[in-house]
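As recorded in TrEMBL:
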type	residues	note
TRANSMEM	21-44	transmembrane segment
TRANSMEM	56-75	transmembrane segment
TRANSMEM	82-102	transmembrane segment
TRANSMEM	108-128	transmembrane segment
TRANSMEM	149-167	transmembrane segment
TRANSMEM	173-190	transmembrane segment
TRANSMEM	228-248	transmembrane segment
TRANSMEM	260-281	transmembrane segment
TRANSMEM	293-311	transmembrane segment
TRANSMEM	317-339	transmembrane segment
TRANSMEM	351-372	transmembrane segment
TRANSMEM	378-400	transmembrane segment
């Protein structure tokens with residue numbers, strides 16, 4: 001190899017590493033949610049009722065559901081980099097607006113904006129990373145890089161949650177100023193990423209847009225995409241049990257008499273455990289098949305949710321921390337499995353559809369928790385939600401049985 005060729009290889013490797021580093025910075029900064037452990041308390045401080053808080057959370061996910069597929073198509077057609085950039089810009093606007101506005105109607109609109117922002121990012125960032133790695137012949141590194149980014153993001157969130165609890169003691173505005181600045185850093189880092197040329201079409205005609213829709217339809221209504229449906233439903237049911245529980249645990253901890261900074265500390269510990277789960281994902285994938293990992297996670301999640309029926313704070317904390325460590329592990333393992341099954345030209349759209357299904361289940365959970373907070377003992381609802389992981393295990397069983405039959 002000539003010296004000039006070696007120089008190009010070295011420069012290409014440096015550029016590759018810089019862009020992977022930029023992805024890490026983007027993701028970590030985007031996860032620095034200073035309000036994550038206390039935002040329900042923020043809404044309560046605004047004099048919103050439990051039903052209103054549940055409706056706000058549900059509206060966020062309804063907005064996400066309504067915009068998931070359109071924003072996924074935007075990502076596939078006009079570029080995943082643009083899609084994520086729009087989402088980050090909307091998040092910055094949200095952080096500024098919650099400081100400036102009050103009242104239920106403005107917050108309902110802001111939560112819809114938040115949901116749309118999530119959908120612009122959902123699927124597109126991971127799809128761009130996978131495309132970039134595949135273009136360099138390194139797609140086998142996706143699980144390692146994705147899980148490492150999520151682990152670093154969880155550590156950053158843990159620190160931000162603790163910091164947010166103390167920032168709140170100064171003012172709620174300071175919490176959201178810090179949150180908005182984190183998104184600014186994320187946007188700057190994301191600007192260093194690039195789309196893979198082959199994944200971004202130059203034709204913006206209606207025919208091209210229809211072409212993407214046709215590809216999506218063909219994939220999900222024919223094999224192998226059609227066969228993935230039960231696995232997607234299984235993932236949605238598991239996420240639908242864990243995510244609302246994670247969010248409304250703030251209200252449960254408050255009922256036990258914990259202060260905001262104490263609640264933030266517990267949730268920060270949960271994020272540290274989540275980071276550990278992300279780091280373990282690659283090792284777990286070598287030790288267990290996805291099928292066995294899902295069965296084990298579903299059984300543990302159901303049992304831990306049932307434990308919330310025992311009125312004991314320490315037991316509830318242990319159950320909460322254990323449940324929140326399961327979710328990230330399943331998220332990475334299922335996401336890594338699905339993203340490799342989807343064709344590149346519709347990867348962002350397909351992953352958005354996965355998020356669409358998950359958001360539908362989560363939004364129902366938010367409504368249920370909101371009404372349970374007002375009408376019944378919320379812990380009874382937590383126990384009842386243990387049915388969802390059981391249903392998830394059933395759907396996973398159907399998927400893997402069909403997959404084995406197809407190979408026979």
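Using the three backbone atoms N, Cα and C, a Cβ is placed for every residue, glycine included.
When Cβ-Cβ distances below 8 Å are used as the criterion, the transmembrane segment (351-372) is approached by residues 50-55, 57-58, 60-62, 64-65, 68-69, 71-72, 75, 119, 122-124, 126-127, 216, 220, 232-233, 235-237, 239-241, 243-245, 247-248, 335, 338-339, 342, 378, 380-381, 385, 388 of the same chain, each at least six residues removed from its ends.
When Cβ-Cβ distances below 8 Å are used as the criterion, the transmembrane segment (56-75) is approached by residues 43, 48, 82-84, 87, 107-108, 111-116, 118-120, 122-124, 127, 209, 212-213, 216, 244, 247, 348-353, 355-356, 359-360, 362-364, 366-367, 370 of the same chain, each at least six residues removed from its ends. Between the transmembrane segment (108-128) and the stretches 21-44, 149-167, 260-281, 293-311, Cβ pairs under 8 Å are most numerous for 21-44. Under 8 Å from some Cβ of the transmembrane segment (378-400) lie the Cβ atoms of residues 227-231, 233-235, 237-238, 240-241, 244-245, 248, 251-252, 255, 291, 294-295, 297-299, 301-303, 305-306, 308-309, 311, 361, 365, 368-369, 372, all in the same chain and six or more residues away from its ends. Between the transmembrane segment (173-190) and the transmembrane segment (293-311), the number of CB pairs under 8 angstroms, six or more residues apart, is fewer than three, so the stretches are not in contact. Annotation: stretch 228-248 has the most Cβ pairs under 8 Å to the transmembrane segment (293-311), among 21-44, 82-102, 149-167, 228-248, 260-281.
The highest tally of CB pairs under 8 A with the transmembrane segment (260-281), across 21-44, 82-102, 149-167, 228-248, is held by 149-167.
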